[in-house]
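J.: Quick one: this structure, given as C-alpha coordinates, is what I'll be asking you about.
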Amino acid sequence: MDFNVKKIACGAGLFFTRAVQFTEEKLGQAEKTELDAHFENLMSRADCTKNWTEKIYRQTEVLLQPNPSARIEEFLYEKLDRKAPSRITNAELLGQYMQDAAKEFGPGTPYGSTLIEVGECERRLGAAEREFLQTSAISFLTPLRNFLEGDWRTISKERRLLENLRLDLDACKTRLKKAKVAEAKAAAEHELRVAQTEFDRQAEVTRLLLEGISSTHVNHLRCLHEFVEAQAAYYKRCHFHMQELQKELGRLPNAFALNSNPSVATAGSASEGISSPVETDTLKIEEVQAPATGTRKAKVLYDYDAADSSELSLLADELITVYTVPGMDSDWLIGERGNQKGKVPVTYLELLS
(Lines of atoms letter the chains of each structure in order from A and count residues from 1; the text may use other names and numbers.)
(Lines give C-alpha, C1' and ligand atoms only; values in the text may rest on other atoms or scores of the structure.)
Protein backbone atom coordinates (compact mmCIF):
# COMPACT_ATOMS: atom_id res chain seq x y z
CA MET A 1 0.00 0.00 0.00
CA ASP A 2 2.84 2.39 0.95
CA PHE A 3 4.60 1.47 -2.29
CA ASN A 4 1.52 2.38 -4.36
CA VAL A 5 1.17 5.72 -2.55
CA LYS A 6 4.83 6.54 -3.16
CA LYS A 7 4.50 5.53 -6.80
CA ILE A 8 1.45 7.74 -7.28
CA ALA A 9 3.14 10.63 -5.50
CA CYS A 10 6.25 10.20 -7.63
CA GLY A 11 4.18 10.14 -10.83
CA ALA A 12 2.27 13.24 -9.78
CA GLY A 13 5.51 15.04 -8.99
CA LEU A 14 6.98 14.10 -12.38
CA PHE A 15 3.85 15.29 -14.16
CA PHE A 16 3.99 18.60 -12.26
CA THR A 17 7.66 19.11 -13.11
CA ARG A 18 6.99 18.53 -16.81
CA ALA A 19 3.99 20.88 -16.72
CA VAL A 20 6.10 23.62 -15.14
CA GLN A 21 8.89 23.12 -17.67
CA PHE A 22 6.44 23.21 -20.59
CA THR A 23 4.77 26.38 -19.29
CA GLU A 24 8.05 28.18 -18.74
CA GLU A 25 9.18 27.28 -22.25
CA LYS A 26 5.99 28.72 -23.72
CA LEU A 27 6.52 31.91 -21.70
CA GLY A 28 10.14 32.13 -22.81
CA GLN A 29 11.44 31.67 -19.27
CA ALA A 30 13.25 28.38 -19.85
CA GLU A 31 15.52 26.95 -22.55
CA LYS A 32 14.33 24.10 -24.78
CA THR A 33 16.50 21.37 -26.22
CA GLU A 34 16.01 21.51 -30.00
CA LEU A 35 16.15 18.45 -32.21
CA ASP A 36 18.46 18.53 -35.21
CA ALA A 37 17.13 19.59 -38.64
CA HIS A 38 17.18 16.04 -40.02
CA PHE A 39 15.05 14.80 -37.13
CA GLU A 40 12.59 17.69 -37.58
CA ASN A 41 12.30 16.88 -41.30
CA LEU A 42 11.59 13.23 -40.49
CA MET A 43 8.78 14.23 -38.12
CA SER A 44 7.32 16.70 -40.62
CA ARG A 45 7.37 14.03 -43.34
CA ALA A 46 5.71 11.52 -41.02
CA ASP A 47 2.95 13.99 -40.10
CA CYS A 48 2.36 14.77 -43.77
CA THR A 49 2.16 11.04 -44.58
CA LYS A 50 -0.32 10.42 -41.80
CA ASN A 51 -2.58 13.35 -42.73
CA TRP A 52 -2.78 12.54 -46.44
CA THR A 53 -3.08 8.80 -45.89
CA GLU A 54 -6.05 9.47 -43.63
CA LYS A 55 -7.72 11.73 -46.23
CA ILE A 56 -7.10 9.27 -49.08
CA TYR A 57 -8.39 6.40 -46.94
CA ARG A 58 -11.59 8.24 -45.95
CA GLN A 59 -12.37 9.39 -49.49
CA THR A 60 -11.69 5.94 -50.95
CA GLU A 61 -14.20 4.58 -48.44
CA VAL A 62 -16.75 7.10 -49.71
CA LEU A 63 -15.98 6.15 -53.31
CA LEU A 64 -16.41 2.44 -52.68
CA GLN A 65 -19.43 2.82 -50.37
CA PRO A 66 -21.26 6.19 -50.74
CA ASN A 67 -23.93 5.18 -48.21
CA PRO A 68 -22.76 6.43 -44.76
CA SER A 69 -25.17 4.09 -42.94
CA ALA A 70 -23.70 1.10 -44.72
CA ARG A 71 -20.17 2.26 -43.81
CA ILE A 72 -21.14 2.57 -40.14
CA GLU A 73 -22.69 -0.91 -40.21
CA GLU A 74 -19.54 -2.41 -41.74
CA PHE A 75 -17.42 -0.60 -39.13
CA LEU A 76 -19.49 -2.05 -36.28
CA TYR A 77 -19.26 -5.56 -37.68
CA GLU A 78 -15.50 -5.15 -37.94
CA LYS A 79 -15.16 -3.92 -34.34
CA LEU A 80 -17.30 -6.84 -33.15
CA ASP A 81 -15.02 -9.17 -35.11
CA ARG A 82 -17.97 -10.48 -37.08
CA LYS A 83 -18.34 -10.93 -40.82
CA ALA A 84 -20.67 -8.38 -42.41
CA PRO A 85 -23.56 -9.91 -44.39
CA SER A 86 -23.19 -9.93 -48.17
CA ARG A 87 -24.77 -6.79 -49.60
CA ILE A 88 -26.45 -6.74 -53.03
CA THR A 89 -25.30 -3.87 -55.24
CA ASN A 90 -27.70 -1.27 -56.62
CA ALA A 91 -27.09 -2.48 -60.18
CA GLU A 92 -27.94 -6.07 -59.23
CA LEU A 93 -31.12 -4.91 -57.51
CA LEU A 94 -32.12 -2.87 -60.56
CA GLY A 95 -31.46 -5.85 -62.80
CA GLN A 96 -33.66 -8.06 -60.61
CA TYR A 97 -36.50 -5.52 -60.76
CA MET A 98 -36.24 -5.33 -64.56
CA GLN A 99 -36.39 -9.09 -64.96
CA ASP A 100 -39.32 -9.38 -62.55
CA ALA A 101 -41.13 -6.66 -64.49
CA ALA A 102 -40.50 -8.54 -67.75
CA LYS A 103 -42.35 -11.54 -66.36
CA GLU A 104 -45.37 -9.33 -65.64
CA PHE A 105 -45.35 -7.52 -68.99
CA GLY A 106 -44.64 -10.68 -70.96
CA PRO A 107 -41.14 -11.82 -71.94
CA GLY A 108 -42.30 -12.26 -75.55
CA THR A 109 -43.19 -8.58 -75.99
CA PRO A 110 -40.59 -6.09 -77.30
CA TYR A 111 -40.55 -4.26 -73.96
CA GLY A 112 -40.40 -7.45 -71.92
CA SER A 113 -37.62 -9.03 -73.96
CA THR A 114 -35.60 -5.80 -73.75
CA LEU A 115 -36.11 -5.62 -70.00
CA ILE A 116 -34.75 -9.15 -69.70
CA GLU A 117 -31.59 -8.31 -71.65
CA VAL A 118 -30.96 -5.00 -69.86
CA GLY A 119 -31.72 -6.58 -66.48
CA GLU A 120 -29.21 -9.35 -67.08
CA CYS A 121 -26.59 -6.78 -68.08
CA GLU A 122 -27.26 -4.76 -64.93
CA ARG A 123 -26.78 -7.86 -62.81
CA ARG A 124 -23.44 -8.52 -64.51
CA LEU A 125 -22.41 -4.91 -63.90
CA GLY A 126 -23.37 -5.30 -60.25
CA ALA A 127 -21.36 -8.50 -59.91
CA ALA A 128 -18.33 -6.75 -61.45
CA GLU A 129 -18.79 -3.86 -59.03
CA ARG A 130 -18.95 -6.19 -56.02
CA GLU A 131 -15.73 -7.91 -57.10
CA PHE A 132 -14.05 -4.51 -57.55
CA LEU A 133 -15.14 -3.42 -54.07
CA GLN A 134 -13.78 -6.57 -52.48
CA THR A 135 -10.47 -6.39 -54.34
CA SER A 136 -9.98 -2.70 -53.54
CA ALA A 137 -10.78 -3.21 -49.86
CA ILE A 138 -8.17 -5.95 -49.55
CA SER A 139 -5.38 -4.52 -51.74
CA PHE A 140 -5.72 -0.79 -50.98
CA LEU A 141 -7.91 0.12 -48.00
CA THR A 142 -6.58 -2.52 -45.61
CA PRO A 143 -2.87 -1.53 -45.94
CA LEU A 144 -3.73 2.14 -45.42
CA ARG A 145 -5.80 1.32 -42.35
CA ASN A 146 -3.07 -0.95 -40.99
CA PHE A 147 -0.61 1.95 -41.18
CA LEU A 148 -2.97 4.38 -39.44
CA GLU A 149 -3.99 1.94 -36.72
CA GLY A 150 -0.63 0.16 -36.33
CA ASP A 151 2.58 1.87 -37.39
CA TRP A 152 1.32 5.40 -36.81
CA ARG A 153 0.06 4.64 -33.30
CA THR A 154 3.49 3.23 -32.44
CA ILE A 155 5.23 6.29 -33.86
CA SER A 156 2.89 8.63 -31.97
CA LYS A 157 3.47 6.74 -28.71
CA GLU A 158 7.27 6.90 -29.05
CA ARG A 159 7.16 10.58 -29.99
CA ARG A 160 5.11 11.40 -26.89
CA LEU A 161 7.62 9.49 -24.78
CA LEU A 162 10.48 11.38 -26.43
CA GLU A 163 8.80 14.71 -25.68
CA ASN A 164 8.34 13.75 -22.02
CA LEU A 165 12.00 12.75 -21.73
CA ARG A 166 12.97 16.01 -23.40
CA LEU A 167 10.99 17.94 -20.76
CA ASP A 168 12.73 15.90 -18.03
CA LEU A 169 16.12 16.64 -19.59
CA ASP A 170 15.50 20.38 -19.76
CA ALA A 171 14.11 20.40 -16.21
CA CYS A 172 17.39 18.81 -15.06
CA LYS A 173 19.35 21.49 -16.92
CA THR A 174 17.31 24.17 -15.16
CA ARG A 175 17.91 22.59 -11.74
CA LEU A 176 21.65 22.41 -12.42
CA LYS A 177 21.74 26.11 -13.27
CA LYS A 178 19.91 26.98 -10.05
CA ALA A 179 22.04 24.70 -7.81
CA LYS A 180 24.35 26.70 -5.55
CA VAL A 181 25.58 24.13 -3.05
CA ALA A 182 28.21 21.65 -4.24
CA GLU A 183 26.23 18.65 -3.04
CA ALA A 184 23.07 19.86 -4.80
CA LYS A 185 25.08 20.59 -7.94
CA ALA A 186 26.58 17.07 -7.94
CA ALA A 187 23.13 15.51 -7.56
CA ALA A 188 21.80 17.69 -10.40
CA GLU A 189 24.67 16.71 -12.66
CA HIS A 190 23.99 13.02 -12.01
CA GLU A 191 20.27 13.49 -12.82
CA LEU A 192 21.24 15.34 -15.97
CA ARG A 193 23.51 12.52 -17.18
CA VAL A 194 20.78 9.94 -16.59
CA ALA A 195 18.16 12.12 -18.31
CA GLN A 196 20.49 12.76 -21.27
CA THR A 197 21.14 9.02 -21.70
CA GLU A 198 17.41 8.19 -21.64
CA PHE A 199 16.64 11.01 -24.05
CA ASP A 200 19.36 9.95 -26.52
CA ARG A 201 18.20 6.33 -26.41
CA GLN A 202 14.58 7.31 -27.05
CA ALA A 203 15.58 9.74 -29.81
CA GLU A 204 17.35 6.89 -31.63
CA VAL A 205 14.30 4.61 -31.33
CA THR A 206 12.01 7.36 -32.61
CA ARG A 207 14.38 8.23 -35.44
CA LEU A 208 14.42 4.63 -36.69
CA LEU A 209 10.61 4.53 -36.67
CA LEU A 210 10.38 7.82 -38.55
CA GLU A 211 12.87 6.64 -41.17
CA GLY A 212 10.56 3.66 -41.73
CA ILE A 213 8.10 6.06 -43.38
CA SER A 214 10.11 5.59 -46.59
CA SER A 215 9.20 1.89 -46.55
CA THR A 216 5.59 2.89 -45.92
CA HIS A 217 5.62 5.01 -49.08
CA VAL A 218 6.99 2.08 -51.10
CA ASN A 219 4.30 -0.23 -49.74
CA HIS A 220 1.52 2.28 -50.39
CA LEU A 221 2.86 2.84 -53.92
CA ARG A 222 2.52 -0.86 -54.65
CA CYS A 223 -1.01 -0.86 -53.20
CA LEU A 224 -1.90 2.15 -55.33
CA HIS A 225 -0.84 0.28 -58.47
CA GLU A 226 -3.02 -2.65 -57.45
CA PHE A 227 -5.97 -0.31 -56.88
CA VAL A 228 -5.53 1.19 -60.36
CA GLU A 229 -5.34 -2.29 -61.90
CA ALA A 230 -8.55 -3.32 -60.11
CA GLN A 231 -10.31 -0.14 -61.22
CA ALA A 232 -9.16 -0.55 -64.83
CA ALA A 233 -10.30 -4.18 -64.90
CA TYR A 234 -13.68 -3.16 -63.46
CA TYR A 235 -14.31 -0.44 -66.06
CA LYS A 236 -13.10 -2.74 -68.84
CA ARG A 237 -15.64 -5.38 -67.80
CA CYS A 238 -18.38 -2.77 -67.60
CA HIS A 239 -17.50 -1.51 -71.08
CA PHE A 240 -17.54 -5.04 -72.45
CA HIS A 241 -20.94 -5.81 -70.90
CA MET A 242 -22.42 -2.59 -72.30
CA GLN A 243 -21.07 -3.30 -75.78
CA GLU A 244 -22.56 -6.78 -75.70
CA LEU A 245 -25.87 -5.34 -74.51
CA GLN A 246 -25.98 -2.81 -77.36
CA LYS A 247 -25.30 -5.55 -79.89
CA GLU A 248 -28.04 -7.70 -78.39
CA LEU A 249 -30.55 -4.85 -78.35
CA GLY A 250 -29.78 -4.20 -82.01
CA ARG A 251 -30.97 -7.72 -82.81
CA LEU A 252 -34.25 -7.44 -80.91
CA PRO A 253 -37.48 -6.23 -82.59
CA ASN A 254 -37.78 -2.48 -82.06
CA ALA A 255 -41.50 -1.80 -81.87
CA PHE A 256 -40.87 1.65 -80.41
CA ALA A 257 -38.98 2.84 -83.48
CA LEU A 258 -41.70 1.63 -85.88
CA ASN A 259 -44.65 2.95 -83.86
CA SER A 260 -43.06 6.32 -83.12
CA ASN A 261 -42.24 7.10 -86.77
CA PRO A 262 -45.47 8.38 -88.34
CA SER A 263 -43.78 9.37 -91.60
CA VAL A 264 -42.97 5.73 -92.38
CA ALA A 265 -46.48 4.53 -91.63
CA THR A 266 -48.05 7.37 -93.65
CA ALA A 267 -45.84 6.76 -96.65
CA GLY A 268 -46.66 3.08 -96.64
CA SER A 269 -50.43 3.57 -96.41
CA ALA A 270 -50.55 6.40 -98.93
CA SER A 271 -48.85 4.63 -101.81
CA GLU A 272 -48.38 0.90 -101.43
CA GLY A 273 -46.80 0.53 -104.86
CA ILE A 274 -43.96 3.03 -104.24
CA SER A 275 -40.70 1.56 -102.92
CA SER A 276 -38.73 3.46 -100.23
CA PRO A 277 -35.23 2.77 -98.82
CA VAL A 278 -36.65 2.87 -95.26
CA GLU A 279 -40.01 1.26 -95.90
CA THR A 280 -39.44 -1.47 -93.32
CA ASP A 281 -37.05 -2.07 -90.46
CA THR A 282 -34.69 -3.77 -92.98
CA LEU A 283 -32.73 -0.95 -94.60
CA LYS A 284 -31.81 -1.35 -98.28
CA ILE A 285 -28.32 0.07 -98.00
CA GLU A 286 -27.56 -0.17 -101.72
CA GLU A 287 -30.43 2.23 -102.47
CA VAL A 288 -29.42 4.84 -99.89
CA GLN A 289 -27.70 7.90 -101.35
CA ALA A 290 -25.74 10.49 -99.38
CA PRO A 291 -27.56 13.84 -99.28
CA ALA A 292 -26.04 16.85 -101.03
CA THR A 293 -25.79 18.59 -97.67
CA GLY A 294 -25.99 17.37 -94.08
CA THR A 295 -23.10 14.89 -94.02
CA ARG A 296 -20.72 15.06 -91.05
CA LYS A 297 -17.47 13.53 -89.92
CA ALA A 298 -17.54 11.29 -86.85
CA LYS A 299 -14.86 9.69 -84.71
CA VAL A 300 -15.46 6.07 -83.70
CA LEU A 301 -15.26 5.60 -79.93
CA TYR A 302 -15.36 1.78 -79.72
CA ASP A 303 -14.97 -1.22 -81.99
CA TYR A 304 -18.27 -2.46 -83.39
CA ASP A 305 -18.99 -5.71 -85.22
CA ALA A 306 -21.79 -5.50 -87.75
CA ALA A 307 -24.74 -7.75 -86.89
CA ASP A 308 -25.79 -8.18 -90.56
CA SER A 309 -25.06 -6.92 -94.07
CA SER A 310 -27.02 -3.70 -93.50
CA GLU A 311 -24.55 -2.54 -90.82
CA LEU A 312 -21.00 -1.24 -91.06
CA SER A 313 -18.27 -2.62 -88.81
CA LEU A 314 -16.23 0.02 -86.97
CA LEU A 315 -12.75 0.35 -85.52
CA ALA A 316 -12.05 2.60 -82.56
CA ASP A 317 -10.49 6.01 -83.38
CA GLU A 318 -11.17 5.88 -87.12
CA LEU A 319 -12.98 8.74 -88.90
CA ILE A 320 -16.03 8.08 -91.06
CA THR A 321 -18.68 10.14 -92.85
CA VAL A 322 -22.19 9.91 -91.40
CA TYR A 323 -25.63 11.16 -92.34
CA THR A 324 -29.25 10.32 -91.74
CA VAL A 325 -32.12 9.47 -94.07
CA PRO A 326 -35.82 10.29 -93.66
CA GLY A 327 -37.69 7.92 -91.38
CA MET A 328 -34.55 6.31 -89.94
CA ASP A 329 -34.41 5.27 -86.29
CA SER A 330 -32.72 8.08 -84.35
CA ASP A 331 -30.39 5.58 -82.64
CA TRP A 332 -28.68 4.87 -85.97
CA LEU A 333 -26.92 6.78 -88.76
CA ILE A 334 -25.64 5.81 -92.18
CA GLY A 335 -21.87 5.56 -92.12
CA GLU A 336 -19.53 5.59 -95.11
CA ARG A 337 -15.87 4.58 -95.33
CA GLY A 338 -14.57 4.72 -98.89
CA ASN A 339 -16.84 2.47 -100.94
CA GLN A 340 -18.33 0.81 -97.84
CA LYS A 341 -21.49 2.02 -96.14
CA GLY A 342 -24.02 0.74 -93.63
CA LYS A 343 -25.93 1.51 -90.47
CA VAL A 344 -23.86 2.52 -87.45
CA PRO A 345 -25.06 3.06 -83.84
CA VAL A 346 -24.95 6.68 -82.67
CA THR A 347 -23.67 5.70 -79.21
CA TYR A 348 -20.43 4.42 -80.75
CA LEU A 349 -19.66 7.78 -82.36
CA GLU A 350 -18.43 11.23 -81.47
CA LEU A 351 -19.90 13.63 -84.03
CA LEU A 352 -17.43 16.26 -85.17
CA SER A 353 -18.33 19.77 -86.32
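Numbers here mean position along the shown chain, with the first residue as 1.
Heads up, the Cβ atoms here are built off N, Cα and C, so glycines get one too.
Just lifted these from TrEMBL, have a look:
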DOMAIN    24-258  domain 'BAR'
COILED    155-198  coiled coil
DOMAIN    293-353  domain 'SH3'
J.: Which value does the mean pLDDT take for the domain 'BAR' (24-258) in this predicted structure?
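T.: Across the domain 'BAR' (24-258), the average pLDDT comes out at 89.
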J.: Can you count helix, strand and coil residues in the domain 'SH3' (293-353) using DSSP?
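T.: DSSP classes over the domain 'SH3' (293-353) add up to 3 helix, 28 strand, 30 coil.
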